[in-house]
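First the structure, in the form of structure tokens, and then the observations on it.
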Amino acid sequence: MGTHCSAWLRWPLLPLLPPLLLLLLLLCPTGAGAQDEDGDYEELMLALPSQEDGLADEAAHVATATFRRCSKEAWRLPGTYIVVLMEETQRLQIEQTAHRLQTRAARRGYVIKVLHIFYDLFPGFLVKMSSDLLGLALKLPHVEYIEEDSFVFAQSIPWNLERIIPAWHQTEEDRSPDGSSQVEVYLLDTSIQGAHREIEGRVTITDFNSVPEEDGTRFHRQASKCDSHGTHLAGVVSGRDAGVAKGTSLHSLRVLNCQGKGTVSGTLIGLEFIRKSQLIQPSGPLVVLLPLAGGYSRILNAACRHLARTGVVLVAAAGNFRDDACLYSPASAPEVITVGATNAQDQPVTLGTLGTNFGRCVDLFAPGKDIIGASSDCSTCFMSQSGTSQAAAHVAGIVARMLSREPTLTLAELRQRLIHFSTKDVINMAWFPEDQQVLTPNLVATLPPSTHETGGQLLCRTVWSAHSGPTRTATATARCAPEEELLSCSSFSRSGRRRGDWIEAIGGQQVCKALNAFGGEGVYAVARCCLVPRANCSIHNTPAARAGLETHVHCHQKDHVLTGCSFHWEVEDLSVRRQPALRSRRQPGQCVGHQAASVYASCCHAPGLECKIKEHGISGPSEQVTVACEAGWTLTGCNVLPGASLTLGAYSVDNLCVARVHDTARADRTSGEATVAAAICCRSRPSAKASWVQ
């Protein structure tokens, strides 16, 4: 995790501090750290008045920019910094800010070098300078934050094709409606041996090269060694014999050196190269394969988000550190399809003392052990490699095939189909740490059928938030992708001490929120995110009744159906807590909760959308209660009905609603105290009207 550094200095005290002591305080290597919702890094917050150059327009300027660096000390690159400017910063202002930093540094006797200016991916620049100048740089206008550069690494340490491509797809050629394959895959990796028979004529080796020097003065740059990782992955994606998407065009960008090591800044420049290529010569669908991982990087994740918004599909390796993938980038970026690795038995890949990463930031797993592919040793040689790089290459190939058949598929549609048609429940979850098992998907990738074979199936996925803090007011937030509808929200706490969940609008987007309770250890928010064409969804809530009555809420608009129920407790006293109830018999289409809870109903209208409730209860001791939707129906909402037992919460696993129970030791519970899981199941029949099925 690394050693954290944080400082907050009140400026009236600054004149009392010697300059050297002040600098040490600002750049201290130890102290309390700050952690982002989706990662681990070190952050320095400054709130200092600018006194640079005596300029009147800056005398009142207070720097609120932050300094971030990788939490893994050995991966840091001190002396090279990515200066990220505010999103609205104009092109001329970027250049002026870089020039201003150079000028002011020169006045203090420092020489700095601007290595690259980012215009197209995000506003900012890459600079080589002394750490003594960080305080100066953080106080410049337009600066949002500065991130110290750090290393990224390659993630590699014939059953694979049979596993992901069913027999009936093996001989198929994927082409767009006009008969051509227009998909292009960009590979950010080592160099590639383009003359290998597997990929000859299919790979364009660009002139892009942004790599650090190899470690060690005696390192011998043997060509076959330099090309090994990239050549192998290119063969996995589009090789003639061992490729997933045979014939797909591939562009090679060199961002990893002969030792498989690169930098965050080099990866950023590579992504901007792709963006510039888009702007100069628009083409068909683009897939970017990122078979590398470094420590959590806010700017690398932001760059992936910006590129994804242009229609590019990014696929990344989860990482080979047998750790939470959310601690690494680009794996932790929500806009990236993140892939873990499995072996021939569909079990997590072990690589010595390490292995595949896991957790809520992983979307699915794919073959990544002993994968046969092109070898750079000769133009006809093959070799096996292992790791999440190979797994990500498989999914990139699958995505390329899907886009070849249907070029208009969006990132949200691709991800939902990959999840829906994956092989489920084959991974032994005991391999993962206990606290990560519920968060890690039990999914192994397969090639989905085309749209006309899916029959208009309603597609949903479960999105977990980061774990909230332990304070009584700590909240967790789970978000769907912009194209998805948030159909329900639930929460989960390992201690059972939580104050519920609800849906609210933040920045024009509906988000799922969960609230921790006094004495709790933290809570997760669990969102159910679905693709519902032409949907019109809304949230209705009723405050706590507080009069010995149940709290009721239903869908107000005509033709709207209930897709989920949530609740938020107004009281701290857990002894009176009861979960909200979905009354499918006496009160169809309503959410009903305890008198002390505010209850929320998620309601949607879409052509042919129909929903119903399914319940299942157990009165005896049980760690969990489950209820599943039938074939043809999709789980959109999951919660637990009232009972005397304290529950840990409820969440969706594929088409299964899981209610977790706290006091499993009590064997004397009556039927009235049964724990009942309640699922809302929906389906889409475009020819029918929206309806509630009783």
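Note: Cβ is positioned from N, Cα and C throughout, glycine not excepted.
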TODO: Could you let me know which of Ser50, Ser283, Ser684 shows up in Swiss-Prot as phosphoserine?
DONE: Ser50
Open item on the list: Say which of Cys258, Cys304 is recorded by Swiss-Prot as the disulfide partner for Cys226.
Closed with: Cys258
TODO: According to Swiss-Prot, Cys537 takes part in a disulfide bond; indicate which of Cys460, Cys604, Cys611, Cys629 is its partner.
DONE: Cys604
TODO: Express the distance between the Cα positions of Cys489 (disulfide bond) and Cys603 (disulfide bond) as a whole number of Å.
DONE: 12
- [ ] Rounded to the nearest Å, what's the C-alpha distance separating Cys460 (disulfide bond) and Cys258 (disulfide bond)? Just drop the number here, would you?
- [x] 42
- [ ] Within 10 Å of the Cβ of Cys530 (disulfide bond), how many other Cβ atoms can you find? Include all protein chains, please.
- [x] 26
Task: Neighbours of Cys604 (disulfide bond) among the disulfide-bonded residues Cys226, Cys326, Cys480, Cys529, Cys530, Cys657 (Cα to Cα, within 10 Å) - done: none
Open item on the list: Would you identify which of the disulfide-bonded residues Cys480, Cys565, Cys603, Cys611, Cys629 has the most other C-beta atoms lying within 10 angstroms of its C-beta?
Closed with: Cys565
Task: Separation of alpha carbons, Cys537 (disulfide bond) and Cys603 (disulfide bond) (Å) - done: 6
Task: Those disulfide-bonded residues of Cys258, Cys565, Cys611, Cys681 having Cα within 10 angstroms of Cys638 (disulfide bond) - done: Cys565, Cys681
